[in-house]
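Annotated in TrEMBL:
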SIGNAL    1-34  signal peptide
DOMAIN    45-287  domain 'Peptidase S11 D-alanyl-D-alanine carboxypeptidase A N-terminal'
ACT_SITE  Ser79  active site, acyl-ester intermediate
ACT_SITE  Lys82  active site, proton acceptor
ACT_SITE  Ser140  active site
BINDING   Lys257  substrate binding site
Amino acid sequence: MGRHGGNAVRRWGAAVIASTAALAVAAPVASAQAAPAAPAARAAAGPSGIAAKGAYLLDNSANKKLWSKSPDTKRQMASITKLMTAVVVLDTRGVNLNKKVTVKKAYLDYIRTSGGSAADLKQGDKLTVKQLLYGMLLPSGCDAAMALADTFGSGSTTAKRTKSFISKMNKKADALGMTKTQYDSFDGISTHGANYTTARDLSKLARHALGNATLRTVVKSVGTEQKAPAANGRTRTYYWNSSNKLLGSYNGAIGIKTGTGTAAGKCIVFAAKRNGRTVVGVLLGDSKRYPDAKKMLDWAFNTRTKVTWRQLPAGTPQD
């Protein structure tokens with residue numbers, strides 16, 4: 001999660017131990033069970049009682065809007081910003097996901113001064129681009145986001161490179177037709193309040209993002225263990241858990257990104273796939289985002305799903 005418009009963001013520490021190989025853990029089959037809904041249970045107008053300030057429901061397979069609520073009102077998005085950061089990285093021509101990135105002191109200093117949530121990267125460790133994507137998208141690591149922006153931006157200094165990267169984010173938003181979106185940060189931490197989007201725009205971003213196989217693999221992971229060469233010559237294992245409670249709880253859930261901030265409220269961009277059909281949803285400013293996401297998905301799939309919500313492991317960000 002991030003602090004948006006000067007708002008505080010929570011921070012968490014990923015456990016780290018010494019070890020020797022990397023393993024990504026995909027979302028397990030959820031225990032949730034679905035049963036067809038009675039015809040009267042599916043309101044024609046859309047899901048009822050959605051608390052979000054802005055919402056959007058998209059049939060991703062058909063690229064068709066199913067339902068929306070205030071879809072074009074500009075709102076803050078907190079750490080959902082990081083979804084665009086991932087897209088810019090993955091859409092880079094010739095991107096090398098195995099490229100090693102050395103963790104700089106500047107990334108750790110940024111966490112201390114900004115109060116941003118962290119993947120708890122350690123100075124001098126060498127992580128691959130793909131590992132940094134896990135560190136950014138599962139525990140919502142602002143340090144991992146900065147490392148990616150610094151690596152994929154251009155310029156002679158970290159400040160210039162991250163600024164250049166944010167410019168790429170805005171160009172990508174324009175290319176995707178996200179006409180009411182603007183980024184002024186790579187992670188959702190904005191001191192100027194110029195980091196905003198709409199529910200409709202985020203559905204466009206999510207649809208594009210799900211077209212990338214690497215991103216799909218990352219965002220559907222409940223947790224991951226990533227091993228990286230440490231500064232002391234040994235091997236460090238990073239343990240990261242996803243803050244998205246839909247994963248492992250709602251049958252067919254495949255991501256995508258959470259975000260929380262004082263001004264943004266609780267937000268989520270989510271997706272689920274059943275019987276070959278993928279549905280994407282967006283909730284902005286919703287204190288009941290998980291029950292509401294379930295309502296929206298059940299309505300879209302014309303079903304009732306029994307859900308036992310996954311409990312996040314200790315130390316997992318409440319993003």
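Glycine residues also receive a Cβ, built from the backbone N, Cα and C atoms like all the rest.
The shown structure was predicted, so the numbers you read here are calculated from the model rather than taken from an experiment.
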Mean per-residue pLDDT in the domain 'Peptidase S11 D-alanyl-D-alanine carboxypeptidase A N-terminal' (45-287) works out to 98
Here the active-site residues are Ser79, Ser140; the one whose Cβ sees the most other Cβ atoms within 10 Å is Ser140
The residue listed as 'active site' -> DSSP, reduced to three states, gives coil
Here the 10 Å Cβ neighbour count for Lys82 (active site, proton acceptor) comes out at 29
Three-class DSSP assignment, the residue listed as 'active site, acyl-ester intermediate', comes back as helix
